[in-house]
Amino acid sequence: MLHKKETNDTFVQLNRSPSTGEQKSSGIWSSIKDSFKPALPQDKLTGVDDIPDRELTDIERININAANSNLQRKLKTRHLQMIAIGSSIGTGLFVGTGGALSTGGPAAIVLAWAISAISVFMTMQGLGELAVAFPVSGGFNLYASKFLEPGIGFAVGWNYFLQFFVLLPLELVAGAITIKYWNASINSDVFVIIFWFVVLVITMLGVRWYGEAELVFCTIKVIAVIGFIILGIVLICGGGPNHEFIGGKYWREPGPFANSFKGFASSLITAAFSFGGTEMIALTASESSNVRHALPKAIKQVFWRIVIFYLGSIIMIATLVPYNDKRLLGSSSVDVTASPFTIAIVNGGIKGLPSVINAVILISVLSVGNASVYATSRTLNSLAEQGMAPKWTGYIDRAGRPLFAILITNVFGLFALIAADNEKQVVAFNWLLALSGLSSIFTWMSINLSHIRFRRAMKVQNRSLTELPFVAQSGVWGSYFGLTLNILYLIAQFYIGLFPVGGKPNAYDFFLAYLGVPVILASWIGYKIWKRDWTLFIRAKDIDLDTGRINVDLDLLQQEIAEEKAQLAEKPFYIRIYRFWC
């Protein structure tokens, strides 16, 4: 049974400082210096009050450490909602869609993004249910250890860490290339350093400033996407400077599909990867000031982001840009000149706006770089708390920053200085990306499986869903559906890796596309050998459903939910529909 706890203000009193005269001036520097000291203990989540006086098992220690994290809850509702909306609106949408259009054609990319959107929505619903009930450090990384078994948590956690660890220098390179849109003679290294310093400052200011920065970045991205959709409708209807009615012109010629089924499979993989980062909302749960109300709203925002921002943009791109446009050929995740957003505006005869779109792409690059440091540092901190990474990497200072994890990630970002200019180093960089290339798919699969096992444990242990502050709208079957689609992604990636579009089968392309599979298997097997633990999964009756749970008075919770339902029942049907999705 869960119990409501009294708030302990002891540490609030300790942090108060004099505010008069010279004391205020010296107090600022003292506060900065003191902020790097070890964190003060935080209030515990439920399930950790009565620790048995015996040697703990690995899974018990993992659950208890995650529930006692010293990360600070400073993210507000506005931060979570914008992070949920904008966490994956980046170069994957603004640039990566160009390559998918060239490979698959307009119908293929619309279908691919629609299928991926459904998959992500189902997965995020299950993740939301877990994250609201268990707002612990590490999020889905911890859920894999808690509801599946620690070996899977180890493999998924380290692969997720590596994915975003390598992403920071990639985004810095993308930022430098974006600048060259205006002046090709500019030295890339100068802007790599500038962008790196901006990311360093934001991430070192703490989680609250990360939230504020993302609020600004995401607002700009959202405005840009909505503006592009409106502009796209105008251009399609012939309202542009060229006064040419486009309609379904490019769907008829050159046609709806390119490269038949193989092109569609390739587009499906690109679509899935473009949603990478959506799951990051779960990492914010342990630093949210109001998990009970803020996180469900943020999770529901996924629906609107998918429908409006992604599918809306994809339909505009598919209608305004022919898939055989030569500017799309050879497009990559960092080549902004191949952005279908830019091409669509240029084709429409509009001057000036391409520079605006590229400025938005530049902001997206900074946003994703900023988010990559956040994801990497929190994941590494969680792994350290679980005993799966060196203990010192989990150091949290008094400002609530996983300090060493942040510094490690930012220092590695300087690898972009090498990757920006040296072709041989770029090859090595691509192989580093390949190591974790399928990390998002594995992470989503672990979320699906964790939710399925959580629901199974609830049933076996005779626990009611009324205990949960938030219940997935898609239920447990949504997680089964998401798991099935994620398995299909792996099959499609294997197929495309073995038989690449427009090329002959070769070992280089195959391993570049599928290296993530043997890497994650090796990680899992390595953990088993290291721990000498050959348990394949935790039995449902043995899954700990209490440690790390949010502090909730169950009677009060059920009363609040009943009152909310009663009030909603009195509203018009359109309000009820809105509240269901928002």
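Numbers run from 1 along the shown chain.
In case you wondered, yes, glycine gets a Cβ from its N, Cα and C as well.
Keep in mind the model is a prediction, meaning the values are calculated, not measured.
Looking up Asn8, Asn15 in Swiss-Prot for N-linked glycosylation site, the annotated residue turns out to be Asn8. A coil conformation is recorded for Asn462 (N-linked glycosylation site) in the three-state DSSP classification, outside any helix or strand. Separation of the C-alpha atoms of Asn370 (N-linked glycosylation site) and Asn448 (N-linked glycosylation site): 27 Å, rounded to the nearest whole number. Ranked by the number of CB pairs under 8 Å to the transmembrane segment (481-501), the listed stretches 82-102, 263-283, 343-363, 402-422 are led by 263-283. Residues within less than 8 Å, Cβ to Cβ, of Asn448 (N-linked glycosylation site) and separated from it by at least 6 positions along the same chain comprise Thr123, Gly126, Ser479, Tyr480, Gly482, Leu483, Asn486. Between the transmembrane segment (427-447) and the stretches 120-142, 190-210, 302-322, the greatest number of Cβ pairs separated by less than 8 Å involves 120-142.
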